[in-house]
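A.B. asks: Mind having a look at this structure? Questions to follow.
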Amino acid sequence: MLLPPPFAAMRPSTLLPFVLCALASPSFAAIYTKPWQLPRITYDYIIVGAGNAGNVLAHALSANSNTQVLVLEAGVSDENVLPAIAPFLGPSLTPNTPYDWNYTVAAQEGLDNRVFPYPRGRILGGCTTANYMVHHYGSSEDYDKLAAITGDSSLNWSNMKKYIQLHEKIVPPTDGHDTTGQYDPSLHSTSGQVSVSLPGNSQTIDAKVIATTEEYSEEFPFNQDITNGNVLGISWVQASIGNGVRSSSSTSYLRSANSRPNLHVLINATVQKVLQTGFKNGKPLFGGVLFQSSRNQFFPGFVLATKEVILSAGSINTPQILLLSGIGPRAELSALRIPTIINNPSVGKNLSDHVLLPTIFNVNGQESLDNVLRGGAPLDAALNQWTTSKTGVIANTVTNNLGFLRIPNNATIFSTVADPATGPTASHFELIFCNFWLNPGVAMPATGSFLTIIAALISPSSRGFVKLASDDPWDKPIIDPKMVTTAFDKFALREAVRSAKRFVTASAWDDYVIGPYGTTAGETDAELDTHVRQFSTTVFHPVGTASMSAPNSGWGVVDPNFKVKGAEGLRVVDASVWPHLPNAHTQGPTYLIAQRAAAVIKAGL
């Protein structure tokens, strides 16, 4: 999600006095900052991107001490970056900071031609260091559909869910409260890498949310734990937080492996392209990687992979690198005078993203978190509490409850369009309950208290693209998710807003909610469409730009073993391989995909 203006009070520069008191990150033993520091130029595996998936692969592949692994990361270290450590401060890492790629979308036709930031983590851990830490895995139907599309049953839920045991480490919430009934321990692991916990700071609205699931149980049922593969209902949030501190792919997978002498990580290394180094089995073999530390570096760095280059640069940078390397639509490449090595029209296409739409309500009293976000004494007190004990509001993410919901099967929209959800028990939209003003790009009012229920479109039918603006790797790519450009997406967002408004009509909210704020008050389709166009933005969960498909299908970028079609020695392992959006905030599904890819690579497939 984008940085709401009130989080500006939590910018890294603003928080500098607290940095020295913050939790000190353990030092990295194998992190290099300059290309000439690398002890070798040839590795077995070169992983591009130390993010959601790349660090999983680095951890897995370097477990064999005879395997030499290099990770190239364009961003900086996350060590001692306070907002990368303190959970509630995470939104201050993006946009327009050194920790973000600072992309913007092309003018969005479906959103009044607005242009807005498109955050992407440019730091060790990638978006797992800069996101909101909501952690779950999606609907079983997300994986079953992936298995059906690819013809590979190993990608179905019954097989993929086993990787949860390798991945996560459930830990107690920071406030130590009794979590009985808030999740199902049998679905989780206590011995994995990433710490996951339930909310560690209770909020005024928590009891109201749960009470609503009892009063309106048919429309808003309580779901004890969506890790079971059934996402529908209202649940307690599980987040990648342990002991009041963010748990990212960097602080977990990478940190636990960084003392291995066969694992090297180079930061400040922006990859220009992967290079063809020959042919194998009649296909182009990609074994070289060119990179630069800065745009002004005259001679680029060069490294070689004897086994494979693995792109884990994310749904924007992975297709950008493929295109710069001559892998993509011939017409687009020729227009930029990039020689086509593999003509693949699917590269950069099929971009989809969850859409974020705030529904905001005026509320009574001073029990919201708005005063903390406005800065001053309340924020100082919260920071002091976290610095001292790693507890309180700063030890938590921005929400304690969320819900995944469906449009009724008899809705009029389904008489004219197909249901884009991954299955009959998958969701169409999500409600995220935030006890403060959250409206990205819109300044918080100087006074007042607010409740925001984010309405997120989970199963959009709109599709966009990523393409090159030029043949210069330092020029930002053109990102056009084409948000809310279909009849279904418009209908679903209208219904999501109406759902949020019905939610707060439960009796539990009588003494709290005054009424809808601004255009949230709209009732007609036209009024709600205006609200959607004016305030929708991204949850920054892009997928699809290097889609996985069956080996012999006429579309797609990678096969079920993550190999780039038509190439040898080159794989893609990140969220870009998902051909459809999961029913989840994407870090969880991407972790599972990365675990699967690691198993495939180690098995020699």
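These residue numbers are counts, starting from 1, taken along the chain as shown.
Every residue gets a Cβ built from N, Cα and C, even glycine.
Since this is a predicted model, take the numbers as computed values, not measurements.
Per TrEMBL, active site, proton donor is recorded for H541. Annotation source TrEMBL lists active site, proton acceptor at H585. Annotation source TrEMBL lists FAD binding site at N131, Y132, M133, V134, V271. Look at TrEMBL and you will find 314-328 tagged as domain 'Glucose-methanol-choline oxidoreductase N-terminal'. What TrEMBL lists as signal peptide is 1-29.
How about a rundown of where these features are and what they're close to?
C.D. replies: Cβ neighbour count for H541 (active site, proton donor): 26 (other Cβ atoms within 10 Å of its Cβ, all protein chains included). Under the DSSP three-state reduction, H541 (active site, proton donor) is assigned to coil, being neither helix nor strand.
Less than 8 angstroms from the CB of H585 (active site, proton acceptor) sit N131, Y132, V134, H135, H136, V539, H541, each of them six or more residues away in the same chain.
Secondary structure at N131 (FAD binding site), as computed by DSSP, is coil. A sphere of 10 angstroms centred on the C-beta of N131 (FAD binding site) encloses 28 other C-beta atoms.
Beyond the ends of the domain 'Glucose-methanol-choline oxidoreductase N-terminal' (314-328), by six or more residues, the same chain brings 48-49, 51-52, 74, 101, 103, 118, 120, 126-127, 271-276, 286, 338-345, 347-348, 351, 466-468, 471, 473, 477, 479, 542-546, 557, 564, 566-567, 572, 574-576 to within a C-beta distance below 8 angstroms of the stretch.
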A.B. asks: Largest pairwise Cα distance, Å, within the listed FAD binders N131, Y132, M133, V134, V271?
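C.D. replies: Maximum Cα-Cα distance: 29 Å.
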A.B. asks: Among the binding-site residues listed here, M133, V134, V271, whose Cβ has the fewest other Cβ atoms inside 10 Å?
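C.D. replies: Counting other Cβ atoms within 10 Å of each of the binding-site residues M133, V134, V271 gives the minimum at V134.
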A.B. asks: Quick check on the domain 'Glucose-methanol-choline oxidoreductase N-terminal' (314-328): DSSP residue counts for helix, strand, coil, in that order please.
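C.D. replies: Output for the domain 'Glucose-methanol-choline oxidoreductase N-terminal' (314-328) reads 11 helix, 2 strand, 2 coil.
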A.B. asks: When the pLDDT values for the domain 'Glucose-methanol-choline oxidoreductase N-terminal' (314-328) are averaged, what is the result?
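C.D. replies: Average per-residue pLDDT within the domain 'Glucose-methanol-choline oxidoreductase N-terminal' (314-328): 99.
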A.B. asks: Y132 (FAD binding site) has how many other Cβ neighbours within 10 Å of its own Cβ?
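C.D. replies: Counting Cβ neighbours of Y132 (FAD binding site) within 10 Å gives 22.
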